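Engineer: Let me begin by handing over the structure; questions about it come next.
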Amino acid sequence: MIKRSDFPKGFLFGTATAAYQIEGAVAEDGRGPSIWDAFSHTPGKTFNGDTGDVACDHYHRYKEDVQIMREIGFNAYRFSISWPRVMPDGKKINQKGVDFYNRLVDELLENDITPFITLYHWDLPLALDEKGGWLNPDIAMYFRAYATFMFTELGDRVKHWITLNEPWCSAFLGYFTGEHAPGHKNLQEALIAAHNLLRAHGHAVQAFREEVKDGKVGLTNVVMKVEPGDARPESFLTAGLVDKLVNAWFHDPVVFGRYPEEAVKVYRERGLRVLEDDFEIISTPIDFFGVNYYTRTLVVYDPTNPLGFSYVPGDLPKTEMGWEIYPQGLFDMLVYLKERYRLPLYITENGMAGPDKLINGKVEDDYRIEYIEKHLEKVLEAINAGVDVRGYFIWSLMDNFEWAHGYSKRFGIVYVDYSTQKRIWKKSAHWLKEFLKS
Ligand SMILES: CO[C@H](O)c1c[n+]2c([nH]1)[C@H](O)[C@@H](O)[C@H](O)[C@H]2CO
């Protein structure tokens, strides 16, 4: 049985959330609409028509939520700032919105919890989307101004920052598959959005170096273990390619100042334009990578698919999201990231959606305890293999708005009864409290 004391001294154990998924209060104290407000209110876009209008009402209940984190024993908390809450039109400052984050940061520090702030977790101000959003190259300068302002506001107390959460999702789910806001379905647009996201990241890092001299800044990416879904040699080659399209596409530019050649070739062969400007800015050195790991993805060679591959379901046990439970993939990817980029790593998300049922006031989520324990074992294995992992954040503190899945998927270690906003510790929260004392 793994113990907290097995981990290096100073290793951070935290939990993670995102503004639009938990805050609610979407029109309170001057907050402006985001693309997710518009998207979730568009019929057919989210499960059951669910929206983030109320979510977990964290905007009003943040003190209670911080107390839960303290009682469980976390020493870190990763959350995101709602850009449209602090700048309703993407530019003009809304002091009441800023004050919420000042209160939240102070509450965390008073409870000895280290704040990790994500500047962008998908809730772009709608006003900027109306100017082209991530398709408009000017977005990088809007983002730089927003980042600079937040650094000056909170950088005296917050020393760990993440520019973007998963630019792959923002670009490819938002502009190619259309599953996420703003819901476009155009691969060329996805490539343009991806490049502007990376440019915005680079500008924010440059601003950070000017504003927060004693801080650390990084980028959090989707980290998928990509494996061949059958034994054909072409599928092994395909897995290597998809790894470049998903993982390397957002890691390589930030460290090497270029896209992975094999992936550029795939796009160019299909007549798509791959942007290559501003790599100098994009590769402004960062201090760490945030790793969001959940599962592996299996791909097979499929010439009928526009990009030459298709996904296949694996046969391992799956979570409520249909994602295979594959802790080995976390070890593999931590070693892969260390070998390729040689940067410190924080696991900024790891967790599972479970069939959580509230029965007689309890949620016996033993499956989540096993999931967390197995993944922590792999983190420890990676550390012992020489990977510089500095923290682990569970997704998520509490059940929340799971994007297009609405409230149908529960990732929390704390159950939320949305009809009463009551927070109820799941068995996994009690297990974590013991683990964090061990
Ligand atoms: C393959 O999963 C992705 O890396 C991923 C999973 N998740 C995420 N990214 C997002 O960062 C969170 O907002 C989601 O709530 C969370 C759970 O779906």
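Along the chain as shown, residues are numbered 1 onward.
Backbone N, Cα and C atoms are what each Cβ position is placed from, and that goes for glycine too.
Pulled the feature table from TrEMBL, pasting it below:
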- GLU166: active site, proton donor (ACT_SITE)
- GLU349: active site, nucleophile (ACT_SITE)
- GLN21, HIS121, ASN165, TYR294, TRP395, GLU402, TRP403: substrate binding site (BINDING)
Engineer: Using the recorded substrate site (GLN21, HIS121, ASN165, TYR294, TRP395, GLU402, TRP403) as reference, state which further residues of the same chain have their Cβ within 8 Å of the centre of those residues' Cβ atoms, listed in sequence order.
Structural biologist: ALA18, GLU349, SER396, ASN400, PHE411
Engineer: For the C-alpha pair, I'd like the distance in angstrom between GLU166 (active site, proton donor) and GLU402 (substrate binding site), rounded off.
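Structural biologist: GLU166 (active site, proton donor) and GLU402 (substrate binding site) have their Cα atoms 15 Å apart.
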Engineer: In sequence order, which residues at least six apart in the same chain have a CB under 8 Å from the CB of HIS121 (substrate binding site)?
Structural biologist: ALA18, ALA19, TYR20, GLN21, SER80, ASN165
Engineer: State the Cα to Cα distance, in Å, between TYR294 (substrate binding site) and the residue listed as 'active site, nucleophile', rounded to an integer.
Structural biologist: 8
Engineer: Which residues of the same chain, at least 6 positions away in sequence, have a Cβ lying under 8 Å from the Cβ of GLU349 (active site, nucleophile)?
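Structural biologist: Once residues fewer than 6 apart are set aside, GLU349 (active site, nucleophile) is near ALA16, THR220, GLY290, VAL291, ASN292, TYR293, TYR294, PHE393, TRP395.
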Engineer: If you count other C-beta atoms within 10 angstroms, which of the recorded positions GLU166, GLU402 is the most crowded?
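Structural biologist: The largest 10 Å Cβ neighbour count belongs to GLU166.
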Engineer: Which three-state DSSP class does TRP395 (substrate binding site) fall into?
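Structural biologist: Once the DSSP labels are grouped into three classes, TRP395 (substrate binding site) ends up as strand.
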Engineer: With every protein chain in view, what's the tally of Cβ atoms within 10 Å of the Cβ of TRP395 (substrate binding site), excluding that atom itself?
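Structural biologist: A count of 24.
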